[in-house]
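Just below is one structure, and these are the notes that go with it.
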Amino acid sequence: MDANIVLLPGDGIGPEIVVQGKRVLEAIAAKFGHSFTISEHPIGGNAIDDFGDPLPQPTIDACKASQAILLGAVGGPKWDDPTAKTRPEVGLLKIRQELGLFANLRPIQTWDELVDASPIRREIVAGTDILFFRELTGGIYFGDSGRRPHASGEEAYNEMVYSTGEVERVVRLAAKAAQTRRGKLTSVDKANVLEVSRLWRQVADRVVKEEFPDLEYEVVLVDAMAMHLISRPKDFDVVVTGNMFGDILTDAASMLPGSLGLLPSASLGSDGPGLYEPIHGSAPDIAGQNIANPLATILATAMLLRHSLGLEDEAKAIEDVVAATLKAGHRTKDIAGGGAFVSTTEMGDIVVNQLG
Ligand code: ATP
Ligand code: MG
């Protein structure tokens, strides 16, 4: 197939890891006979330096014309001045908004070879394979907010709002993903207390009943979910929830595998390109040293192929090679536990060679 893929390397280790992702995409194109047109565009701190704007218009135009976007990371101490006119992170928020990316996908998968580094016991955590869908553009983070006078001084408020349509579209995406996985969907809410959650549950129940009757479906209250995630993470397949609950639960879940450096994420809209990135930041403390772990970014390219281009075999090929690489004992510094390690580029070589 022909596809137009945009790379947004960003700041810090971003360029070092995205170039490894690019090599993997090129290897996949060669192996499976695809033609990927890949172009790079500025975002974040470097774009502020060069163009005075963390998201220059040509970057937006290129993203909108693409099928999928691979992002490194943005930000760093150089741009941390709170009095600055703009910040690198603004570029990221703006591109998500421009592309209407309302669903954040975060797979939480454990790697058997690394799971002893998990704060949770091996018997509980090994074999965990969860795909979170967090609603990204609604809920309490985007509701009306403000302060007003109060007898004790003042009071502050944030409104949590979800519409039928907002719940439907994210539940539908999550349910579709569950059909291609183990066929189980868990919707997380707080319907015993929140009216917003009662609507969420009503809509989720209906969408699943009418459109996905074949799925195993359950609803779980968010407080109970926090417990279950730690005590029986293996019981979950696809989990869908609102913006704030998803924010908190996915951060908690990201500790389960024992290695933050291996987790990718995706942000999707209804149509148009998806945005794929590692969950870690720009790691300015190790930038330019060729020691960053590129595997989260490489796993993000697998998500890109699966979710934006529909190339499941190609995605699986990358995931299998990453698993084999870890099994063979190849480690970057962050996961070497003080032992021998390979560089960023060497890890890229190891993965690319197996795709050859
Ligand atoms: P954010 O920028 O999202 O706010 P942060 O600044 O809290 O995140 P990161 O930039 O992810 O955090 O870095 C946290 C720590 O993890 C740093 O010590 C960094 O060097 C390390 N780290 C992050 N990503 C990687 C990676 N791909 N390989 C190796 N180490 C990493
Ligand atoms: Mg950072």
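Every residue, even glycine, has its Cβ placed from backbone N, Cα and C.
Predicted automatically and left uncurated, TrEMBL annotations should be read as such.
Going by what TrEMBL states, the substrate site holds Arg96, Arg134, Asp223, and the candidate of Arg106, Arg121, Arg122 recorded there is Arg106. Among the recorded positions Arg96, Tyr141, Ala283, residues whose Cβ is positioned under 6 Å from ligand 1 are identified as Ala283. Among the listed binding-site residues, namely Gly76, Pro88, the Cβ with the most fellow Cβ atoms inside 10 Å is that of Pro88. Neighbour list (Arg106 (substrate binding site), Cβ cut-off 8 Å, at least 6 residues apart, same chain): Leu131, Phe132, Arg134, Thr250, Ala253, Ser254, Leu263, Ser265, Ala266, Ile279. The Cα of Tyr141 (site 'Important for catalysis') lies closest to that of Asp223, out of the binding-site residues Gly76, Asp80, Asp223. Note: the Cα of Arg96 (substrate binding site) and the Cα of Pro88 (NAD(+) binding site) are spaced 14 Å from each other.
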